[in-house]
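Report on the following structure.
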């Protein structure tokens with residue numbers, strides 16, 4: 001059995017609401033200032049197939065709760081609520097239409113933007129296609145060039161292989177020659193070892209000879225006077241420039257003096273020109289500083305028919321009847337070149353070229 005369900009909607013309205021309702025009903029707003037609470041019934045649609053008569057009865061029962069208020073008051077309160085619902089629906093419809101219009105505008109703008117973007121992308125794709133075509137053509141040309149180069153490289157490789165084969169053959173020939181050279185080298189090394197041993201033996205002999213030579217030089221040093229290694233004179237001889245001079249302490253005739261100088265591997269000294277400020281003059285003063293006045297020495301200049309020096313130089317002069325030989329004579333402090341009988345006995349001066357110290 002279906003039971004009747006009563007819905008009661010109770011709303012507590014504050015003072016401002018009461019004043020607004022009273023103003024609408026044309027009542028005094030201060031009529032309800034006694035603190036009474038006003039109950040308002042709201043019209044609701046039927047729920048779950050409840051008939052409108054039942055809803056009306058429910059509302060009627062709710063209206064009976066406040067028996068003190070008249071029926072006119074109830075109707076006046078109910079009518080404005082229903083009037084407020086209708087403008088709300090109209091406003092919602094307007095907002096809905098406005099939203100639909102804005103949505104359509106957005107869709108239109110979106111479609112335009114998509115179209116423009118489509119055109120841009122299409123142009124970019126066309127440009128990309130042209131670039132790809134150019135690139136493809138370039139790649140084809142490069143590919144053909146690479147194929148040509150590979151063919152050339154293959155030919156070069158074949159040529160290199162042939163050259164490698166020839167080089168290998170030449171290398172084998174060189175290896176055989178190298179082996180032969182190694183054999184010769186080993187033989188040379190054996191000879192070198194023998195030569196080295198011989199050289200060591202010769203070196204030992206050379207050292208022994210050098211030692212003997214050093215000992216001999218030490219023994220010979222007292223017999224030689226050396227200004228340097230290339231200018232040496234026998235002991236007792238006087239060195240002047242690159243010549244050695246020997247002044248005898250004994251007297252002999254000219255011929256014996258010449259022979260005595262020859263036994264000493266020398267010859268009689270020659271002084272071609274003797275005059276003050278001449279080289280020979282100064283040399284005689286340095287050679288015979290202690291020579292007193294009247295001292296004479298045989299020299300190599302003899303006066304036969306022709307004045308012939310012992311060094312084979314010629315000087316033509318008138319000769320005397322008897323054989324005369326040259327001598328150097330000191331008178332006081334002057335040296336002169338004079339003639340003397342070759343048989344006279346005088347000291348003599350021998351001259352020889354300075355020599356290198358014996359190695």
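Cβ coordinates come from backbone N, Cα and C, glycine included.
What you are looking at is a predicted structure, and each value in this text was computed from that prediction instead of being measured.
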Ask   = If you check Swiss-Prot, which stretch out of 33-53, 54-74, 75-95, 96-116 is marked transmembrane segment?
value = 96-116
Query = How would DSSP class residue 136 (N-linked glycosylation site) in three states?
reply = helix
Ask   = Looking only at Cβ atoms, how many others are within 10 Å of the one on residue 244 (disulfide bond)?
value = 24
Request  = Give the distance between the Cα atoms of residue 261 (disulfide bond) and residue 244 (disulfide bond), rounded to the nearest whole Å.
outcome  = 12
Query = What's the CA-CA gap between residue 350 (disulfide bond) and residue 342 (disulfide bond) in angstrom, rounded?
reply = 16
Ask   = Roughly how many angstrom lie between the C-alpha atoms of residue 325 (disulfide bond) and residue 233 (disulfide bond)?
value = 27
